[in-house]
Amino acid sequence: MVTWVLNYLLVAFLFAISYNIDAASAGITRHYQFDIQLKNITRLCKTKTIVTVNGKFPGPRVTAREGDNLQIKVVNHVSNNISIHWHGIRQLRSGWADGPSYVTQCPIRMGQSYVYNFTVTGQRGTLWWHAHIQWMRATVYGPLIILPKLHQPYPFPKPYKQVPILFGEWFNADPQAVVQQALQTGAGPNASDAHTFNGLPGPLYNCSTKDTYKLMVKPGKTYLLRLINAALNDELFFTIANHTLTVVEADACYVKPFQTNIVLLGPGQTTNVLLKTKPIYPNATFYMLARPYFTGQGTIDNTTVAGILQYQHHTKSSKNLSIIKPSLPPINSTSYAANFTKMFRSLASSTFPANVPKVVDKQYFFAIGLGTNPCPKNQTCQGPTNTTKFAASINNVSFILPNKTSLLQSYFVGKSKNVFMTDFPTAPIIPFNYTGTPPNNTMVSRGTKVVVLKYKTTVELVLQGTSILGIEAHPIHLHGFNFYVVGQGFGNFNPARDPKHYNLVDPVERNTINIPSGGWVAIRFLADNPGVWLMHCHIEIHLSWGLTMAWVVLDGDLPNQKLLPPPSDFPKC
């Protein structure tokens, strides 16, 4: 009898453990509501009305665990159309929830709502969410934190505390008016008036000392800083005076840890760093600074945002402490940018393998850069000349979004003929010396063109920067996938030489990669996610000018390899 009871208890115990493991693995459903509403905000002594989520700027933090299902209801109370992109989420078979307007959905109109329903599969780390229509993401953005599954440790020392820090840009003017003026005149856009940490410009701007982000820390602790570059148009250097940072993650993918004093993030990128505080209380406070990296032509916001790292003390006041200020690289320090980027390597461990495709089915070569459109008749423009407007393109195709339906919807119902074409060029139609003397003709062609891929195609894509209207870096973001960065360099990509030096062992895995200024980058990915997926420069004005394209990934043969149908509350155009 005793033996039977013990056996029964043992079986029950093992069943409970198994059930808990399965439950932890399966995840839970988490519900959020985003109310899109107007809010008066004062920065730099100027009060203006901005579009927010739930009246917060930046917006609320979304937290989940790997394996969780997220159902986020977005209710639009403002006259602006809106859609939300969950930047970096794979959206496996849930492309209807990806968010870019007129790509995977029509925007949510005033008085309408839409539930973004997706499951976080095989991902953990720092991501973010933002509006994906016009320049609405200037104020509509926030962190998306994916914690590991229960009882799964980090592959680095457990931090005492985790702190998201979002980099942003503040415009005294309405960002929508800024981009509309630029597109109408053909000129570059007016620059922002400040950079921000978590919405605060800090003490280096006029009338801004009270709006300073402070990070309060204790001595002898390790903090995980979740850095997110949500700026519209600026790549940013970041540093903390007298403190070394250990990089442990990029774009929600763990990396081999390395130490640095300065972090560079392009728009759209995230980087997790460990900050180990000093062992005893220092008689000082420390500036955190961020300012742009830029090599292109035109006007940018070359100002510096400052926050304060302050040590807590139960008796001492910080009022009379000196503030130590760090230094940052010059604005055009491409050498630092390149060396920093090369430091990133995947863990490539048994727990977190680097599944880089070794065999490639399809190869593509995309020339990325600026260009021009002709000025409309009887109008004087302010582009490179008074007869041209600024534009941008991939393989000389400047992308035009549809406005009466979405690419995904037209594809799903089999009515894409009058919406997009499938003849996107796999390489430049007219090759040229991409990083040398630019061609005399800088005019781009315009169209809505995509590349079609069969399910599970392995893709190698070389992204080549160009010198047309100036060389500059381009942070390229791919929706729906992560990719491996197998190679990068300066000058023109050499197909006979450069692939021999690819890293196919531990290349970094990302969703957004900087094409070096005057250089190239090679990526590989597996097209295992059916749907329509945007790929674009995350410098917002370049996206507005057409530096984007889309991949259509066809369904596979099995039921779990097919795109699910759209939800019942899917927004209508």
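Yeah, the Cβs are placed from backbone N, Cα and C, and that goes for glycine too.
Together with Cys537, His542, the Cu cation 4 site in Swiss-Prot holds one more listed residue from His313, His314, His474, which is His474. Among His31, His195, His243, His479, the residue that Swiss-Prot places alongside His132, His536 at the Cu cation 3 binding site is His479.
Nearest Cα neighbour of His85 (Cu cation 1 binding site) among the listed recorded positions (Asn403, His536, His542): His536. Cβ neighbour count within 10 Å across all protein chains ranks Asn396 highest among the glycosylation sites Asn190, Asn378, Asn396, Asn433. Taking Asn339, Asn403, Asn433, Cys537 as the recorded positions under consideration, the smallest Cα distance to Asn378 (N-linked glycosylation site) is found for Asn403. For the domain 'Plastocyanin-like 3' (423-557), DSSP puts the residue distribution at 9 helix, 60 strand, 66 coil. Checking each of the recorded positions His87, Asn433, Cys537, His542 against Asn320 (N-linked glycosylation site) by C-alpha distance, the shortest gap belongs to His87. The helix, strand and coil residue counts that DSSP assigns across the domain 'Plastocyanin-like 1' (35-151) are 6 helix, 59 strand, 52 coil. Between the glycosylation sites Asn81, Asn403, the minimum number of other C-beta atoms within 10 Å of a residue's C-beta occurs at Asn403.
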